[in-house]
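Asks: Got a structure for you, written out below as structure tokens; questions coming shortly.
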Ligand SMILES: NC(=O)C1=CN([C@@H]2O[C@H](COP(=O)(O)OP(=O)(O)OC[C@H]3O[C@@H](n4cnc5c(N)ncnc54)[C@H](OP(=O)(O)O)[C@@H]3O)[C@@H](O)[C@H]2O)C=CC1
Ligand SMILES: O=C(O)C1=N[C@H](C(=O)O)C[C@H](O)C1
């Protein structure tokens, strides 16, 4: 079956994820890179940048100008939280469907974007993690939390990551919150002698963020009960692990008219 071409803008094309997304577009017959948004190299073409695929797509530094001048169906954003949020709003206002992997949005920002997407009838996806295994790990964690409400999340990432906790850990905690009553964990009288020792507190469950060179993206969710422990774990060893999710999101967003927060909402 011949699929309709999907015209795509990528924001953050020089980044670890953005450059991987360009390769995905390059090898996918019905994906067409029509422009990129970067904070430098305005006016150049993607093929002018060392290490990026051969493409005539023009780079814009001004996101608004890009969306005004270029006909596009989807904006893939893989930048930083403040920029990703602005790009997402702009895209929806221009009728371009955003697929956003950028992490670090606040709950209020997600809510605002949900409302905007619904109001404009423009589909959108925010995926805290595009790796299918990570999505399953989050769903299994939610399922386990019904039976094991005492839980700690340990996420481990490369040391160039800007946000902590990771978007995946935040989403995991939110999914667990749907089935777990708030309850303080640990000893009722426990005290941190060094601030932060017990990690971030979400309704009494804890999130710990590890940042080390050599890591990519890893998370374990550890459930404890008297005499037993249950762990759900996922590892991304490279950024190719995220690309099947990006591809799926680009395909699915074309048929959507509201925002989905989390890839689990579009998996069949
Ligand atoms: N959902 C998922 O599955 C995944 C999500 N992520 C998230 O994706 C985002 C990007 O990650 P990663 O690729 O590792 O990060 P990188 O730092 O490698 O890439 C980010 C890119 O965004 C660029 N950028 C920053 N500001 C702007 C701007 N105003 N306009 C255009 N481009 C801009 C940066 O430019 P410069 O180089 O000049 O700083 C850089 O090239 C992060 O939020 C990360 O958490 C990462 C992996 C998987
Ligand atoms: O910055 C990263 O690398 C990643 N960010 C996302 C997150 O914050 O969860 C997804 C993945 O963990 C990789």
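Using N, Cα and C of the backbone, Cβ positions are placed for all residues, glycine too.
Bear in mind that the values here come from a model prediction, so they are computed numbers and not experimental data.
Taken from TrEMBL, the feature domain 'Dihydrodipicolinate reductase N-terminal' covers 6-130. Per TrEMBL, the feature NAD(+) binding site maps to 12, 13, 14, 15, 16, 17, 101, 102, 103, 127, 128, 129, 130. Annotated NADP(+) binding site per TrEMBL: 40, in sequence order. The annotation domain 'Dihydrodipicolinate reductase C-terminal' is assigned in TrEMBL to 133-267. Summarising the annotation, TrEMBL assigns active site, proton donor/acceptor to 157. The (S)-2,3,4,5-tetrahydrodipicolinate binding site annotation in TrEMBL covers 158, 167, 168. Sequence annotations record features per position, and here TrEMBL assigns active site, proton donor to 161.
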Asks: Compared by Cα position, which of the recorded positions 40, 158, 161, 168 is the closest one to residue 128 (NAD(+) binding site)?
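Replies: Ranked by Cα distance from residue 128 (NAD(+) binding site), first place goes to 168.
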Asks: Far apart in sequence but close in space: which same-chain residues, 6 or more away, have a Cβ under 8 Å from residue 161 (active site, proton donor)?
Replies: 211
Asks: Of all the binding-site residues given, 14, 16, which residue's CB has the most CB neighbours within 10 A?
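Replies: Per the Cβ count, the most surrounded site is 14.
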Asks: Where ligand 1 binds, which of the recorded positions 14, 16, 101, 130, 157, 158 are close by, with Cβ under 6 Å?
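Replies: If the test is a Cβ under 6 Å from any atom of ligand 1, the answer is 14, 16, 101, 130.
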Asks: Where does the mean pLDDT land for the domain 'Dihydrodipicolinate reductase C-terminal' (133-267)?
Replies: 97
Asks: Name, in the order they occur in the sequence, the residues of the same chain whose CB lies under 8 A from the CB of residue 130 (NAD(+) binding site) and which sit 6 or more residues away.
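Replies: Those within reach of residue 130 (NAD(+) binding site), by Cβ under 8 Å and sequence separation of 6 or more, are 101, 242, 243, 244, 245, 246, 249, 263.
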Asks: If we check Cα distances from residue 158 ((S)-2,3,4,5-tetrahydrodipicolinate binding site), which of the binding-site residues 12, 14, 16, 40, 103 wins as closest?
Replies: 16
Asks: Cα-Cα, whole number of Å: residue 12 (NAD(+) binding site) versus the residue listed as 'active site, proton donor/acceptor'?
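Replies: Between the alpha carbons of residue 12 (NAD(+) binding site) and the residue listed as 'active site, proton donor/acceptor' there are 19 Å.
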Asks: What are the sequence-distant neighbours of residue 167 ((S)-2,3,4,5-tetrahydrodipicolinate binding site), meaning same chain, six or more residues apart, C-beta distance under 8 angstroms?
Replies: 103, 104, 105, 128, 129
Asks: With Cβ-Cβ distance below 8 Å and at least 6 positions apart along the chain, what are the contacts of residue 157 (active site, proton donor/acceptor)? List them in sequence order.
Replies: 166, 209, 210, 211, 215, 216, 217, 218
